[in-house]
Structures are given as structure tokens and as C-alpha cells.
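Trainee: Okay, here's the structure, questions in a sec.
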Amino acid sequence: MAPRKNAKGGGGNSSSSSSGSPTGCTSGGSSSPGARRETKQGGLKNGRKGGLSGSSFFTWFMVIALLGVWTSVAVVWFDLVDYEEVLAKAKDFRYNLSEVLQGKLGIYDADGDGDFDVDDAKVLLGLKEKPAPKPTVPPEEADMYPWLEDQVLESPGRQNIEDEVYEQVQSLDETVYSEPGENLPQEPEGPAEELQPDDHVFVGSDADDRYEPMGTGAVHEETEDSYHIEETASPAYSQDMEDMMYEQENPDSSEPVVVDDAERTYQETDDVTYRDYDEQDHAVDNSNTILEEPHMPPAEEQQEVPPETNKKADEPGKKGKVKKKKPKLLNKFDKTIKAELDAAEKLRKRGKIEEAVNAFEELVRKYPQSPGARYGKAQCEDDLAEKRRSNEILRRAIETYQEAASLPDAPTDLVKLSLKRRSDRQQFLGHMRGSLLTLQKLVQLFPDDTALKNDLGVGYLLIGDNDSAKKVYEEVLSVTPNDGFAKVHYGFILKAQNKIAESIPYLKEGIESGDPGTDDGRFYFHLGDAMQRVGNKEAYRWYELGHQRGHFASVWQRSLYNVQGLKAQPWWTPKETGYTELVKSLERNWKLIRDEGLAAMDRTHGLFLPEDENLREKGDWSQFTLWQQGRKNENACKGAPKTCSLLDKFPETTGCRRGQIKYSIMHPGTHVWPHTGPTNCRLRMHLGLVIPKEGCKIRCANETRTWEEGKVLIFDDSFEHEVWQDAASFRLIFIVDVWHPELTPHQRRSLPAI
């Protein structure tokens, strides 16, 4: 017992024994279990007195952590916090810390100076007499819609015209409407005064205000000489296109047709494209990209664009950057009902469109003179039209936008946004003339807004009034000579007027500017074409740049109305097309077809009409058309009844809505400029009828061939092709367009006509 006692005690013997004696060490070792038990008991005892052990603390920590996790899950699951609203407010309210603090402490503003400071503290503590309050006007930027803050760029010089605008809007013709758009591939954007609404723009259909019934009149060899509406389907709807077909509403034209008429017709192919919901439903997913590129131009034609050109072209939009300012969309009355407006808008932003429509309709009923309520209603109807793909609802939205702009005391920015959006939606429905009237009124209200004038020029082009458009762009360039958008459009008009050399600098400088709306395949197309015609070898540099920027499938294949993934090669064999029966029938009956063509040439009432698309450098070239855009010309077929009867058996050609069937006669001394057709959706057959022994040839891409009587040549006219007729007598061929063999039956039914 002594060793244990010594070990427990504090004497020196214990110390020496444990350190120096082996016995002590053994003794100490034998006594350790008891010591450990006592220590353990002592530890438990101390733990009860002193608090939780380490393991108990960790257990409670984990319980609390898990409780927090499950609480967070419950908050998200039961939607206790509206995170979308939080994020929206975080984005919209860009106030710095001092502004936030002033907002919080503003209620303690005792001296009426608009903020909380030392003087306010003195007043509250009774150290200073509180002054009489002065009437103050709350800052407009604190009272505007948070959901519309980023929609507007202030126009220079337009800050003091709100009162003036109402009087002018009241005098507007009630038949004019408009609305704001986002990126109409691209809505032509302007400089600082351009408003920037946050609403998306729908894909639209090519709709012109004119439609000429097909007779025996001139039929145009389709080229890219006209400014078309692109047939690209909206990404949001691309999956629906294959399954849905609706009738198109097109009040300004009897059928959706892409018209190739450089002299008269402009149709937009920007990312801003036009097609109403009914037409959009049976569109297909088109693209300007075709996968195969079998041919490239010669080495000398593949030189890259000069570095300075590449640099400018690769940085579009930087030049035109302007500082955005917050819009002034609430008048004094709307500020008093801002909470109600925000609550309704919250429903719209959360995708509860039907509820939002009802909420805004109730606000319009309660406050009929509120521009904000009316504008919100128009936006909801706009969204609902997109959701339901309804032209009828969209027409209601168009009317409501006009109502919002026409209300008393409507803020200037709201007027501009409402009318711009209405104009865009009118174009979407094909109401080109109504949209033009709206744009005219916008320019009348905002004469210093260059972007609106540029839009007005496009409006004139869309109805074929190139002369008026030219005047608009001349006015723009006189004020802003470096406006790239105005330059490319002015250059386009000059080229359409056959002022080839004069058009080149405008097209070139406009593209190089990098301004919004200038990076467009049509402008690369026309610039290269103009350069080719004046012998400028830089043409292929611009074609190459257009290809690099995704506008052309290749340097050779420069069509703009394309379906992605179709086999692409310049020359085809009958077996490759799958239309061997048609080819055999044409070749077996070539003399019958020839004789009816020759008989038509002898008639005096003009069945053959001159080509009028400015494709000829020189010479005489005429055509006699039997089918166009998949429609039979009954009057023309009276002049070639057997030929028409023969072709009725082959729907791949008679039903080709993107092609023609026609006789073509070319007289000696004719040269047709290099050109391309508008689409990759067709192939073109040439049946030789009367072919001189030498002097007639056709080049497609980099291969040149000649015709033979009674034989069919097949090529893809979306590739560059060129024709020479240097024989001593006329050349007569029969042209038969067929659908590209890889198009599906649905695509053949639904693709808009060209």
C-alpha cells in the first residue's frame, strides 16, 4: 500500500523512486489502473460540474446545423421567399450605400432638407427649433417602375418635352399604332436616343403590302437583289414547327411570298424578322449554315480581308455604345398607384400572364387615365399573344399600345416605347403600311431621333418606296455622316438603282463601322456583287468574311434562305437527285417541249418577256414562265398545253414553292453576271432545246459546262453561276426547278414561297 500512497502523495521519495528505481517504475506501472479509474471518475465529476463534454457539444452543434438545413429546405419548398423578386430588386435598384442609408433614415428628416444629418438630430433632441416644412418633389428616379428602369436611353435634347408630347399625341391619326422591340435579328438600333425595352421580339414572316397576281408578265430570276424578310424560325418555337400548321394572316398581301425585285421591294432579313403567329407555326427551322463545303475559290480569291477590316468587323457595336438612363414612365398620378402597378407587373414577370392581364385590366377600369396601367395591359396582352400564338390577342395589344400613348399626360418615354412596339407588332402581322404611318408619327414627335429615322427608311423599303427611303437616309447622313446603318441601306438603294460604283463606298464603310444592323449577309452579298461588276478582285475577300461571320454557307454558296443540313454541291446527277423519272420524261419528250417553245416565240402577244433583274452585263435574255412558286399559270399553259400536261405528273417540280418552270431564250452577245439564287431548298434542271454548236457555256462554282440538245444538266443555283452566249444564233433551254431531295414532306408543304 505504501507505494500507492507515495504515488498519490506529493513527497520527494515518490519522485526519486519513480525516477531512479526499477522497482519504483514497476510499482508505478502496477498502480496506474487505479490511478486511471480515479482520474476518470474525477473527470466525470468535474464534467458534470463544469459543463458539456466535447462530444456532447459536437452533438448539439450537428442538431442545430441540421435544423437550419431543414428550415432552409422548408423555405424553398413552401415558397416562403420570392427569390425572383429579390433578384429583380437587386438588379433594378442600383443605389449606393449612402442612398440606401438616406432612404432608411429619411423618416427622421426633421428640418425638411431631404436627408438626415446633424441638424435633424439637434431638432429631435430639442436643441433646435424645427423649421416649417417646405414642399418637395420626390426624385423621379426613386418613383419609377423598377421593372422598367433599363428600358430607355434618354434622347439628347428631349428632357423637357413631356407636356408637348401629349398635345401632339392627341392629334395623331387613330389608325396608327406601334410598340417597342428588342432585337429584330436586329431591330435597327440608333445612337443615344434609342430606347431599350426589355421585351423580346418575335420572328416574323415576309409580308409585303403588294401582291401581283401571276399572269404572263415578267417573272424574275431570283437573286438576293431585294431586301427580304428572313425565314428563320424563332428559337423558342423551333420544336413546335414540325408539328403545327396554321393559316397565315397577311392583310397586306394575299400569300406569304419572298419577292425578288431589287428595283421595288425590300424585305428585312435581320435578326429582326417578321412572321405572324399563324405563319410562324408552320415554319421550319432554317439556318444560314449548310454543313458541306465541297468547293473553295481559287487561291487568289481566298485572300483574307485586310486586318483593319477584320478588326472593325469583329467588334460590332462598340462604336455605338451609349450610356443608358433610367426611363421616366410614371406621371404624377401613376406614382400614387405605383404599389398596385408593381404588384400586377410582378405577376407578369413571374410568367402568370393570365393573372397579370386581369390585374392590369382591373387597374385600367379603376384608373382609366393611367398611362402606366394601360401600358402594362398592352405588355401583358403582347406576352399572352406569344404564349397562345394568337393574332387576335396581338391585335388587341396593338390597340392598347396606342391607347397608352394617347392618354393625357403620358410621359415622353412611355409614348416612344408604346409606339415603337406597336410599329414592330404591325410589321409582325404584315401590316407594313400601318407600321409606316406609325414610324412617320414617331419621327414627327421625335425629330432629333436618328434611330427612328433609320427605322422609317426601312419602313419605306418594306413597301417598295425606295425613293422615299433614299431621301430619309440622305437626311440622316447629312446630320450624322458616320452612321453605319444609314450608309449600308443607302448603298443598298444605290445598287438597286444600278449605281454600282457609287454604292460600293457606302456599303463598305457601313459594314466596317460595326454599327448595329450592319453585320448582315445582304450587305456582304451586295458589296461583293458590286465589286465583281466593276472588276474589283476584293469581292471574294468580302464573300470570305461573310462566310466567316456565318452569313454564307461558303464563299461559293451565298444564298440567304436556307435549311440547315442539306447536301451542298454545285453539280448533280439524275441518280443523286432521285428524280430519274422526271429527267427521263424530259429527255424523251424534248422535241415536243422544244416545238411548243418555238411556237411561243413566234407569237406576237409577248409570251417571252425580258429579264428585268439587272443580271445582264449586256445582251438579250427573255423568259416564258409556266409555273411560279408552286402555282400553275393557266393562261401561259394555253401556249404550251402538252408540256404542261407532261409536267403535271411530277409534283416535285410543279409543287416546288421556291422555284419556277420556264423557257429561257438568250441571244448572241449576252453575258449574265455571276450571281446566286436565294435558297438552298431547290435544284435547277436545264433541258437543252436549241443549242448552237459552240459559244454557249455555264459556270457553276469553279466548273464550266455546256448544254446539249435533248440532255438535262442539274446544278444547285444557290452556288455562284455565270452564263455566256457568244454563239452566232439564239440559245433556247427549258428550266425546271425541283425541291432539294433531302427536304421532308412537311418542309415542302410549309416553307414560304420564293
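Every residue gets a Cβ built from N, Cα and C, even glycine.
Pulled these features from Swiss-Prot for this protein:
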- W621, S664, R684, M685, H686, R731: 2-oxoglutarate binding site (BINDING)
- H675, H721: Fe cation binding site (BINDING)
- N96: N-linked glycosylation site (CARBOHYD)
- N466: N-linked glycosylation site (CARBOHYD)
- N702: N-linked glycosylation site (CARBOHYD)
- 337-370: repeat 'TPR 1' (REPEAT)
- 378-411: repeat 'TPR 2' (REPEAT)
- 450-483: repeat 'TPR 3' (REPEAT)
- 485-517: repeat 'TPR 4' (REPEAT)
- 521-553: repeat 'TPR 5' (REPEAT)
Trainee: Sequence gap of 6 or more, Cβ distance under 8 Å: name the residues on the same chain that satisfy this around W621 (2-oxoglutarate binding site), in order along the sequence.
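Mentor: Looking at Cβ-Cβ distances below 8 Å from W621 (2-oxoglutarate binding site), excluding near sequence neighbours, one finds P610, E611, L615, S664, I665, M666, H667, T670, V672.
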Trainee: How big is the 2-oxoglutarate site in terms of the longest C-alpha to C-alpha distance among W621, S664, R684, M685, H686, R731, in angstrom?
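Mentor: The two farthest binding residues have Cα atoms 18 Å apart.
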Trainee: Round to a whole number and give the Cα-to-Cα distance in Å for the pair N466 (N-linked glycosylation site) and H675 (Fe cation binding site).
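Mentor: H675 (Fe cation binding site) has its Cα 22 Å from the Cα of N466 (N-linked glycosylation site).
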Trainee: CA-CA, which of the recorded positions H675, N702, H721 lies nearest H686 (2-oxoglutarate binding site)?
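Mentor: Sorting the recorded positions by distance from H686 (2-oxoglutarate binding site), the top entry is H721.
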Trainee: Can you tell which of H686, R731 has the most other C-beta atoms within 10 Å, given these are the binding-site residues?
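Mentor: Output for this query is R731.
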Trainee: Closest of the recorded positions to H721 (Fe cation binding site), Cα to Cα, picking from R684, M685, N702, R731?
Mentor: N702
Trainee: Select one residue from N466, N702: among these glycosylation sites, choose the one with the most other Cβ atoms within 10 Å of its Cβ.
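Mentor: By the 10 Å Cβ neighbour count, N466 comes out on top.
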Trainee: H721 (Fe cation binding site) has how many other Cβ neighbours within 10 Å of its own Cβ?
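Mentor: Other Cβ atoms within 10 Å of H721 (Fe cation binding site): 21.
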Trainee: Quick check: in three-state DSSP terms, what is H675 (Fe cation binding site)?
Mentor: strand
Trainee: For M685 (2-oxoglutarate binding site), write down the residues of its own chain that are at least 6 apart in sequence and whose Cβ falls under 8 Å from its Cβ; none is a fine answer.
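Mentor: The list for M685 (2-oxoglutarate binding site) reads L582, V583, L586, V712, L713, I714, I735, V736, D737, V738, given in order along the sequence.
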Trainee: Given the binding-site residues H675, R684, R731, which one's Cα is the least distant from that of N702 (N-linked glycosylation site)?
Mentor: H675
Trainee: Sequence gap of 6 or more, C-beta under 8 Å: which same-chain residues meet both conditions with respect to R684 (2-oxoglutarate binding site)?
Mentor: G659, G677, I714, F715, D716, D717, I735, V736, D737
Trainee: DSSP-wise, what's the residue breakdown of the repeat 'TPR 1' (337-370) into helix, strand and coil?
Mentor: 26 helix, 0 strand, 8 coil
Trainee: As a quick check of your reading of DSSP, tell me how many residues in the repeat 'TPR 2' (378-411) are helical, how many are strand and how many are coil.
Mentor: 27 helix, 0 strand, 7 coil
Trainee: Cα-Cα, whole number of Å: R731 (2-oxoglutarate binding site) versus H675 (Fe cation binding site)?
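Mentor: Distance (Cα to Cα, whole Å): 20 Å.
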Trainee: DSSP says what for the repeat 'TPR 5' (521-553): how many helix, strand, coil residues?
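Mentor: Result for the repeat 'TPR 5' (521-553), in helix, strand, coil order: 23 helix, 0 strand, 10 coil.
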